[in-house]
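Student: This is the structure, below, for whatever I ask next.
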Amino acid sequence: MSTAAQTKKAPRRHTALGMTLVILVAVIVVWWIVSEFVTDWMWYRNLHFGQVFTTRLLTGAALAVGQGLLLGGACALSMVLAWRNRPQRTVSDSPTLDHYRSALARRTAVITVLPSLVIAIGGGSLAVTHIDETLAFINRTPFGQADAYFGKDVSFYVFTLPFLQYIVSVLMAALIIGTIAAAAVHVITGSLYVSPIAVRPQTTDEEGVHPPTVELKNPFNAAAQVHLSVMFGLIMVVYGFQRLLSRYEFAVSDNDALFTGIGYTDDHARITARLIIAIIAWICALMFFANVRLKLWRVPGTAIILMIVSSLIIQGLYPVAIQQFTVRPSEVNQERSYIERQIEATRAAYDIEDVTISDYSAETNVSAGQLRSDAEALPGIRLMDPALIGETYEQLQQVRGYYQFPSVLDVDRYEVDGETTDTIIAAREMNIAGLPDQSWINTHTVYTHGYGVVASYGNRSSSNGEPVWIEGDIPPQGELDIDESRIYYGEAQSQWVVAGNEEGATPIELDTPGGAESGGEQHYTYTGAGGVAIGNYVTRAMYATKFADLNLLLSSNVNSASRILYNRTPRERIGEVAPWLTVDQDPYPAVVDGRVVWIVDAYTTSADYPNSQHVNLQETISDSARQNAGEDTQINYMRNSVKAVVDAYDGTVDLYAWDTDDPLLQTWMKVYPGLLKDRGEISEDLMSHLRYPQDLFKVQRQVLGRYHMQNPDSWYNQSDLWEVPADPRDSSGAYEPPYYLSIKWPGDDSPIFSQTAVYVPKNRENMAAYMSVVADASSSEYGKIRVLKLSDTAQVPGPNQTYNAIVSDQQVADKLLPFIGQGSDSSADALYGNLLTLPLGNGLIYVEPIYTQRKSAASGSSAGTYPVLRFVVVRFGTHIGIGDTLQEALDSVFAGDAGASTGEDVDQQASGDSGGTEQLTNEEAAKKLLKEANEAFSKADEALKNGDLGEYQTQMETAQSKAQEAYRKLDS
């Protein structure tokens, strides 16, 4: 073959290789996109929420296409018009411009289409962030309330204004892109001069010497001047509409850090200024349009100068002058009427209009029998602290290191022996980090689920200070009648797993760890409908692409009956199927109709309720129990509109419309008809576990602290401001969390499950008020917020004062001394539990449990030990009592006789074993456990002789666990 032929063939070979690579990349990209869409569709379809996926997909596609065409079209149209109206002959002294002009002439279509296509794709993709506001606008529901200034329905601000601002911003972006594109082409073609200023050098002629001159030339030729004048005129038209709409923003903007909403300066300067600027913008637009005929560059220049100067004076200097010289000297007088409107709007937006505030002269003196009239309330006082006994649950009920409990447990109610009792409950979830072998097989196909819930009485402890179990152990034993204990979906289940197996195949999923009594580990095959079936290779390949994991294609543990389970946390699942909801930070497990479920409160929120005060959601709901919780976002409207339930076995999500009077909920029910179930479909068992949500209560607590003051002068001066106190046990200064407990409100006949909080005055530590909401969803008074406002004359100590008094009290120190003595084997840490406040005895009682946790004298570590309840401290007024039981502490405070029984006598003799099991002393239980440990050691030796290493490991773990538990019993 000749050299010439080889030379001709080489470029073809390179071209073919290049085309192959392009096609390969295109195929990979298309496959990845298709995999994402198809797997998402299958996940939504599995949950029967397919309409959420399709509605959002079609809306997003329509927005993306529309926005992309508008932005890309504006760019292409401007470039084409500029090119068609280019001068036929161009004299240029710029080689660079000559180069670009030549390139544009040769490849006009490519150079026009390529940037337009990039802008269309990039700009169109940004439209998906506006799906929710578009859907909400189309399906908007009136609030039936008008703002006090413009007279617009609240729905205008919540639904209409954000959508109109979006449309105007897209139009402005299209015009700016078109203007830039047109200017670029006009510069390249010579229609627009980059340097319109020409300097002529000094000259000499027969008339004499002429000094240097500067000549200012019109930078536009006729075509460019017409084109750009029209574009700038259109920009001014749209800018005028932007300014017009921006007047309404003052109703939802923070007013000089004083409050959210329209104030004096907004009313008398800023709103009018925006209207004037809109009119000036339209006048400038007319000047630009007139320049189409006049073709004088001074006309648009004058318009631009007019716009800049008027904006600086009217929008900038004038409002500042009004604020500085009219408002500041007498701010409260000028803002009084606006503060009144803002108080009214804020109370409505946060649903605190109907809060009942009663003056309460709290008794601080004590007398014998003082609690006789509150006898029914005493047995229900919760002593077990869900923020402290997580370690206790872990040590006594974890069973294996690959199970876990949350650090903060949950409070619920269950009927046991015919009585409803406050209960501390937690789910025993899988902890992948606790696996000794982190292989792919183990993490994705074997250790797939947790097992069971553990529950204990909130108001009882055993004789050694451990919880008294209502439900526990593996296999589960207790009073909760659980039909399905397996937990495939939970708060800790953040990793995807593959479950299910072919009929007749050997189960591979670890079900229960087994032990000496059961003869070893038990395995299980998932039979639920949760997750997506990945039996065929195409689906499997799509998920391998989605999760970037080839093991899904290669592993023998993945078969024709396999299902892939992902998005397994309750908050994650609800966020996916209802992205328009704000999800509560605290899902809690419950046993409902024989199944373990997760109950999650969800909210409709907005930051656009006119004249309502903004709060930062994260700052407001974070406290010592949950730091940095929630989204870092501003809201000024909130409703608990949805109660959600996630099944722990199959992941089913049920959304119940709870607050059907909420216009936001009504809007989303129109967007997704049939998505939410009716409130009447909630079963009686489920209703008994629903409660007033914590996040909403925290927000209302924060807002009410200032907005209980309805007098504008008091509000402005903050003369009666209530603050949420810091948790006295937390060194970071985080808020004290609200507490769920059953209380008897003054004047009520019986206790009711409630959520409570206290206030202190600003910059002081005594108590200002006591707040409570009825948290029992089955009660006719559910959601009723009541406040006891304490007298300013007879001060009641606040939480920090009480805590300091308790930890420095000599009685308390004497009681603790035998346990916290340093340098001995019995050395322990004293842990102070939640400081509960209850309105009893015509005053306010503080109850604080004290736990001890053993630590090693050698290492000083408490590893491997757990807190046990040692004492209960009670404070009433300035009187402090401590006892081994609540009864002893109350009697100590109230002159030797509280007047009522707490019902602890029998409970304090109970063991910490699960309900329904034999009650043993610690020594007897330790002997029994050591015997079981010895049996497990013997079985381990036998398994080792037979070469069964798996059984050997299982029996050794069982033996070690039994021995450690026996040691703890003896230590207690």
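Each Cβ is built from the backbone N, Cα and C atoms, and glycine gets one as well.
Annotations for this protein, taken from TrEMBL, read as follows:
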- 16-34: transmembrane segment (TRANSMEM)
- 57-83: transmembrane segment (TRANSMEM)
- 104-128: transmembrane segment (TRANSMEM)
- 163-188: transmembrane segment (TRANSMEM)
- 222-241: transmembrane segment (TRANSMEM)
- 271-290: transmembrane segment (TRANSMEM)
- 302-321: transmembrane segment (TRANSMEM)
- 900-923: region 'Disordered' (REGION)
- 908-920: compositional bias 'Polar residues' (COMPBIAS)
- 926-969: coiled coil (COILED)
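If you look at the structure here, what lies around each of the features I listed?
Tutor: Within the same chain, residues 542, 545 sit at least 6 positions outside the transmembrane segment (16-34) and bring their C-beta atoms closer than 8 Å to a C-beta of that stretch.
If one looks beyond the transmembrane segment (57-83) by at least 6 residues along the same chain, the residues whose Cβ comes under 8 Å of a Cβ in the stretch are 37, 104, 108, 112-113, 115-117, 119-121, 123-128, 130-131, 134-135, 170-171, 173-175, 177-179, 181-182, 184-186, 189, 191, 223-224, 227, 231.
Sequence-distant contacts of the transmembrane segment (104-128), counting only residues of its own chain at least 6 positions beyond either end whose CB sits under 8 Å from a CB of the stretch, comprise 60, 63-69, 71-73, 75-76, 79-80, 83, 173, 177, 181, 185, 188-189.
Here the transmembrane segment (163-188) has long-range neighbours at 67, 70-71, 73-75, 77-79, 81-83, 86, 97, 100-101, 104, 115, 119, 123, 130, 133-134, 136-137, 194, 220, 223-224, 227-228, 231-232, 234-235, 238-239, 241-242, 245, meaning same-chain residues at least 6 beyond its ends whose C-beta is under 8 angstroms from one of its own.
Counting residues 6+ beyond its ends, the transmembrane segment (222-241) has Cβ neighbours under 8 Å at 78, 81-82, 85-87, 168, 171-172, 175-176, 178-179, 182-183, 186, 191-192, 277-279, 281-282, 284-289, 291-292, 295, 297, 300, 303, 307 in the same chain.
Using a Cβ-Cβ cut-off under 8 Å and counting only residues 6 or more beyond its ends in the same chain, the transmembrane segment (271-290) has close neighbours at 229-230, 232-234, 236-237, 239-241, 243-244, 246-247, 250, 262, 299-300, 302-304, 306-307, 310-311, 314-315, 318-319.
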Student: Other than its close neighbours in sequence, what residues sit by the transmembrane segment (302-321), given a CB gap under 8 Å and a spacing of at least six beyond its ends?
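Tutor: Here the qualifying positions are 232, 236, 265, 269-270, 273-274, 276-277, 280-281, 283-284, 287-288.
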